[in-house]
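**Q** The structure's right below; bear with me while I get my questions together.
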Amino acid sequence: MTIQYTFSMIKPDAIKRNKIGQVNTYLENEGLKIVAQKMTTLTKYEAECFYDEHRARPFFDSLVEYITSGPVVLQVLKGMDAITLNRKVMGATNPAEAEAGTIRKDIGESIEANSIHGSDSENSAKREIKFFFKKSEIIE
């Protein structure tokens with residue numbers, strides 16, 4: 001087990017329903033420390049760049065439209081095996097298939113409006129953190 005950093009984004013559906021605190025509680029109860037957090041509304045350009053790996057997929061346009069539909073909360077999380085731990089507490093992408101007690105099962109509304117995004121690998125975590133945060137914004 002190693003200490004890692006990972007990226008998390010609380011999505012517009014959760015923000016609209018005032019679930020930021022609830023999501024943060026799930027993360028912190030799993031032993032993840034929030035070392036950076038900020039709220040913003042992504043531009044279309046930012047969303048397209050962030051989700052560039054999905055550009056050829058049929059859901060790309062609706063994903064960009066959804067993620068820019070309202071504010072998001074961007075986070076850097078730190079903890080032992082943080083990437084795997086965050087993926088576990090988030091639950092399956094589709095809330096209908098997620099385990100009880102996970103963020104997506106308990107808060108998510110649909111496969112798109114599933115309340116949270118999290119890095120799926122070390123490379124993704126590094127890229128996603130660097131995309132949104134300066135080193136000076138990450139407070140240990």
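Glycine is treated like the rest: Cβ placed from N, Cα and C.
Bear in mind that the values here come from a model prediction, so they are computed numbers and not experimental data.
Grabbed the feature section from Swiss-Prot, which reads as follows:
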{"type": "BINDING", "residues": "Lys11, Phe59, Arg87, Thr93, Arg104, Asn114", "note": "ATP binding site"}
{"type": "ACT_SITE", "residues": "His117", "note": "active site, pros-phosphohistidine intermediate"}
**Q** Helix, strand or coil: which one is His117 (active site, pros-phosphohistidine intermediate) in, per DSSP?
**A** strand
**Q** Between Lys11 (ATP binding site) and His117 (active site, pros-phosphohistidine intermediate), what is the CA-CA distance rounded to a whole number of Å?
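**A** The separation of the Cα atoms works out to 7 Å.
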**Q** Between Thr93, Asn114, which of the binding-site residues has the fewest other CB atoms within 10 angstroms in the structure shown?
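**A** Among the binding-site residues Thr93, Asn114, the lowest count of other Cβ atoms within 10 Å belongs to Thr93.
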**Q** When DSSP states are folded down to helix, strand and coil, where does Arg87 (ATP binding site) land?
**A** helix
**Q** Measuring Cα to Cα, how many angstrom lie between Arg104 (ATP binding site) and His117 (active site, pros-phosphohistidine intermediate)?
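**A** Approximately 10 Å lies between the Cα of Arg104 (ATP binding site) and that of His117 (active site, pros-phosphohistidine intermediate).
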**Q** Looking at Cβ-Cβ distances, which residues of the chain lie under 8 angstroms from Phe59 (ATP binding site) while being 6 or more apart from it?
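**A** Those within reach of Phe59 (ATP binding site), by Cβ under 8 Å and sequence separation of 6 or more, are Glu112.
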**Q** Cβ neighbours within 10 Å, counted over all protein chains: which one of the binding-site residues Lys11, Arg87 has the most?
**A** Lys11
**Q** Within 10 Å of the Cβ of His117 (active site, pros-phosphohistidine intermediate), how many other Cβ atoms can be counted across all chains shown?
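**A** Taking every protein chain into account, the count is 19.
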**Q** Note down the number of other Cβ atoms within 10 Å of the Cβ of Arg104 (ATP binding site), including every protein chain shown.
**A** 24
**Q** Three-state secondary structure of Lys11 (ATP binding site) from DSSP?
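**A** Once the DSSP labels are grouped into three classes, Lys11 (ATP binding site) ends up as coil.
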